[in-house]
Amino acid sequence: MDGVRAVLLAGGEGRRMGPLGRGRLKPLVPFGGTSRLIDFSIANVHRSGLRDVLLLSQYEERRLMDDLHLVWNGRHRGFRIDFGPYDAVYRRSPGKLPEQLPERTWPLERGTADALLTKAEYVFRQGDAEASEILVLHADHVYRFDYGDMIREHRASKAALTVSYQRIERRYVHLFGMVEFDGDGLLTAFEEKPDDPTSDLVFAAFCLFDAATLRRYLEQLRGTDWQHDISRDVIPAMLAGGELIRGYEVKSYWEDIGTVDRYHRAHRGLLRADPTLALSDMPLTVAPEVPRHLVPGGPGRRASVVAADVANEGEIVSSVVYPGARIGVDAHVVDCVVLPGAQVPDGTHLASAIVLEDGSVQQCEAEREEVAL
């Protein structure tokens, strides 16, 4: 896949996640008993045979880069995370953290498109050559995917842009970017979070641009009255400009973890008889030395993902329990996510909740008959 530059947009604060996101970078929110949200897109890039992925971040970027450097760089032969203007100092610190980073000399970014512009010298190069395509990814999507087929179709079609999409129930489309295509698979409409959806297709938020075309539109939009956003500005401008934009359907599981209730609901999907993602399909980045098991039934645990080192003296039902957690004597956790090291006190009964590392409890919507997005 020479010529493809993978770019990972990692926002930051996770304000809509409530206590789960407080004091934590949203990309590093734990997921599935095995990983953090950002690890899924990184693992997909590695799985697709690409050599690296460029991290574009701003909010507490030192904290995020330090974490990813220790967790990912040096662990997978021939693959690493590129930190753009900071990358040289991280390369000089294999297996450890640099003492000091270069001073920031570029302006603050006001949106996803701004991130591409301000870091253009890193975005549009792949190794020592100019990139031919830019693969844009986000840090809060849960899915297992190989981008190879999408890249091949994009190149064969000579498209300016290929957007991923998925079919969902129309009542949920207003939460996403809505897309429509003609009979030849060409994009005809793109609307971010429409009030009155006319399609049941939504943008799955990863896309592949022809690099030269993307750069041209970014330069055209620079200095105009725009929102500095890929979905709200760049893609609509390309559509209005008559560019060839194709769609690529994502038929496997894909989830945008935008709110705490969607986060909690996504964990339920892991515990179904036909799980949305198998344990073996998820990156193992949180305490990777500790085995995990999907336990269908047994003493004190039923239909749950439980780490091998969990101290369980109670009852775990339909829950995901991370390494280092403790379930107290006669405690019951049902439909819960128990984060690493969390303690559930003796005699506590919890249902439809997230237990944070400090033991505080965040309640979620109780389970009801619903189709997952």
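All residue numbers here begin at 1 and follow the chain in the order shown.
Heads up, the Cβ atoms here are built off N, Cα and C, so glycines get one too.
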Of Gly177, Gly183, Gly185, residue recorded by Swiss-Prot at the substrate site of Glu192, Lys193: Gly177
CB-centroid shell, 8 A cutoff, substrate site Gly177, Glu192, Lys193, site residues removed: Phe176, Met178, Glu191, Pro194, Phe203, Ser231, Arg232
Long-range Cβ environment of Gly177 (substrate binding site), under 8 Å and at least 6 residues apart: Phe190, Glu191, Glu192, Lys193, Val202, Phe203, Ala205, Ser231
